[in-house]
Every structure is written in structure tokens, then in C-alpha cells.
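Noted in TrEMBL for the protein shown:
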type     : residues : note
REGION   : 1-28     : region 'Disordered'
REGION   : 92-135   : region 'Disordered'
DOMAIN   : 372-508  : domain 'Peptidase S54 rhomboid'
TRANSMEM : 377-398  : transmembrane segment
TRANSMEM : 410-431  : transmembrane segment
TRANSMEM : 437-457  : transmembrane segment
TRANSMEM : 469-488  : transmembrane segment
TRANSMEM : 494-512  : transmembrane segment
TRANSMEM : 519-537  : transmembrane segment
Amino acid sequence: MAAPGGNANEEVQPSAPPAAWVSGNPPSYNAVSQQNQLYPTISRRDQFVESLQTAGGAVGRWFGVAGDDQMETAGWQRTGTLPREAARSYTVLPQQDPDDYPPPGPAVELGNRRRDGGETTESAGAGARRGRGRRGMDRLAATLTLQRRRKPSSRAEVEKTLPKFWPVATVLVAIAELGLLTALLVQNGFAPISFNPRIVNDVIEGFGNYSEFVTRHDVPNFFIGPSGSSLIHAGAKYTPCMRDNVQFRVDAAQDRAEENSLRCCLGPPVSRPQCGMLPQGVCTVMYENSVVLGGESVCQAEMNNTEYCTGGVVLHPCCVGLLGDCVVTTEENCTFHKGHWHPDKLLCSEVSTQCFKDICELTWSAPGRRPQQGVRFLSAIFLYEGIIHWILIALFKIPVMWKIETRISWLRVTLIYVLSGIGGYVVSGIFEATSLSVGGSGSLFGLFGVLLVELLQGWRWVRRPCVELLKLCIFIIFMLALGLLPYIDNYSQIGGFLVGILSSFIFIPYITLGKWDRAKKLCLILTAVPLILAFFLL
């Protein structure tokens, strides 16, 4: 339709919104020209293809497929139609110009396309519907883009904002362990360095001035370190020194029953005859011309007043070995076997408790009335069997502990290290009633537990997580194989691993990604606290 006073084919250039958009009446001038200027006419096929491209790009940007340069949307795109309900539920990009959209007006009846003289015409209502469709699709893409921008940062980006700590505890623990090992070697010397026990033979003067051939088996230490008794005196984990053992009380009762057959025996008549408590058959058969004087009371009297035994009572209890074994023998024989001789006692039943006190005596602490030394749970963590043992543990412990401490501070890593070591020795004390254990392998396994928890929780953030998990498994298998060697037990390592996992839930600071993630990790903490308390109490 031509404008008044002009050519019929002349198109009117709109300088302002048509009155039909305001009043809601159909357009009274060339709507085709007006519509083509605002929204170029495209075919339905092109419109459908362009809609699919825009929707696919938005979904790709949401899943991170599109590059960052494709995430910015310059203005609104001509993408097709969208229902009115969907158009009202999305927001507009900040860089879009609201003036580019047709002004919203009252409800306009949707017109139909028609062909007139080979030209495509379209009503104002159809144009408004197409505008609303384009705005809806653009708002959908805008919302997806904004959500993509609000996606949580990567682990590396978050870790850059976290504070870094100096590995103070790692260095101090390594220095303290090496210093204790050096002091122990200086004070007690080295045990025999071998893989097989060393047999030592000697001839000593025994009861009745008879010569005796004696043999001793020295337990070697191929880790190049002190003997087992030296480690016990220094504070190693040794269950008989930490709690009462029913089997030991049964053995002591059997020894007292066997002592009923002992008699005070006067040795062969020489210049200075000797006395001692021996079985009657041994006294009269093995030692010629020996005489049984009587029971225990006679030898006890001879200890105070030598009437018959001018050479004195020479047989007394001797505590030998790490299990509190006792034998009645001479002082020279007891010294040869590296035992503790009690010259004021006659029978082993009198020193059954004292034997454990002699073995469990700590060089840096006064012995208590009962051998319940729970401090060994802590002191054993910082003691090592030898130089090689310390090196093997340090090769794994220092890098792992260094890495963890720089992230969570010295206090948290110290708590995890100590609790894991104590928990490991608690388990070892239950299943290994007579074993001797030292070293920080249980604490090391606690650190392995921390690494496992961090790896599983940040699996999607870790580069090549399967490789990291494989390396951790190799380390664990190697340490379990090392636990088959003397003075290292796998029970302490397994217990330390479990305590390390529980401790990591409590002491490791979390990177939470939303309310749900925060609630999930809070539940883990509330579950780990009673579990670790029950572990130590039960």
C-alpha cells in the first residue's frame, strides 16, 4: 500500500514505531518494508537450521565444548521462534540492546503470510511473534552462557588462592628421629649385622667349681642398628610392657609349681663348698658327693649365716631374654647370656614381676610399680631399628609429608601423623601380643590414607588420576612387603592406614562446591569423629 502523495511502489522509512504497535490496530502502510528492515525474511528451512545451530552452540558451551571466544554473544541472534511461556522464563544478556526489539504491545492477532504479485508479505502480528521467538531463544542461550560462566573453578585455580605453609613438622620429625637413632647407637652400640642368628660359645665356671660349656644365640640386626633389648629400654612398642598378659601369669604359676621339687643342695666337698636350689635328682646325680641339706629355708639361712656353705649360695634367679624367662644359675652364666641377676633371691617365682620391670625399664624414665607404659604408643613412632630402616621410611615419608604439610599446615599434619602412629600400634598390640615394633610406618600409612581420600574426592580435578592411584598402590604394596621383616609388623601399618583415612575427614580443610557438597562433607566429619573415638576406646 502506497503512502499518501507518493509513488505506489515507494517504501516508507519508519522514523518512529508505527501507530499500529501502540493501538493494536493492523498496519495502514507498507508493513512488508517495515518488517524486512527490522527482521530480514528467511525461509523456514534456513530458520530451522539456524535454530539448531544456535541451540547446539549453547549446549556445547554449557558442557565446555566451545571455546571461550565463542562464549561471548554479540547482540541478539535471529534464531527462530520459541513459545511465549519459555520466553518469559529467561533473562536477557547484558550486552543486548533492548531498543533493537519491537516494542511490546497489546495482544495482536497473528497474521498469515500471503503472496501478492510474487512478493512475500507478512502482517505485523506475525512479525511480533517472530520477534518474541527470537528473544526467547536468545534468552535461553544467554542463560546457558551465564550458567557456564558460573561453573565452579578448577582445583588448580582454587589451590592458587589457598595459603602455602612451610614444612616445619616434616623437617623437625626427620631430625628428631635421626638424632634419637644416633644417640641410641652411641649409648648401646650396634647389634650383630647379619641375616642369621650368631651363635656364641664359651666355657665358664659353674656350680661346684665345675666347668660348663655354654651357648648363646645373638639376634642380628641387618638394618645396622641397636639390639632389641636396647630398643625396648628406649621406648619401643612391646606389649608385655604395656598391659597384663594372662599367658604370662599362667606360666608364672607353672614355674611356682615346679619349684616345689627344688632342694637346697650342698656342692662337692672342696675348700669352699657352694650351695644353691636344684632339683634333688640333679643335685645327687650330676654333681658327685653333693648333699641335699633341706628345703628353701635352709638356703635362705645360709645366705644370712654361712654354716655349711662356706663358698656361699651361688645359684640365684637370672632374667634372660625379651619374654621374661627366668633360670636359676650362677652370676657368670647370667652375665654371659646378657641377663639380669638377682643375688638377693632364691627362686624365679620371687622375681617374675621384677623380670618384666628389668626388661621394660625405660632409660629416660623411672620404672613404675606395674609395667603399664602407654607412653610406648607414642615413643615407638620416633624410634627406628637401624640406619637402613630409617632411610627406607624417610624416602617415602618426607616427600609425602612435605606435600601434605604445605597444604594443611604443621598442626594438622602432626595430629594426623601422631594419631595414625598410635592407632597402628594399638592394632599391633592386640594381634601381636609378644612382638617388638618400632618406626613410623604406621604414621606413613596414615599419610597414604590422606592421599587416597584427597585423590578420590578430587578425582575429576586430578590429571591422570588412574596413574596416581596406581603409584599409591605400588607404594602400599612395597611397605606391606617391608612389614614382613623383623621389628616391623603389618598390623601397625593397616591400623595406621585406617586411622589416617578417618583423621583426614576431620582435619583436612575442604574445598566445597555448593551447599550440597558442603553438607556431604559435613556428614563425613560427623561420622568420622565417633568412629575414631570408638577405635581408640574399644
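From the backbone N, Cα and C atoms, a Cβ is placed for every residue, glycine too.
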Surrounding residues of the transmembrane segment (519-537) on its own chain - C-beta under 8 Å, 6+ positions past either end: 419, 422-423, 426, 498-499, 502-503, 505-506, 510, 512
Helix, strand and coil counts within the domain 'Peptidase S54 rhomboid' (372-508) (DSSP): 105 helix, 2 strand, 30 coil
Local confidence of the prediction over the domain 'Peptidase S54 rhomboid' (372-508), expressed as mean pLDDT: 90
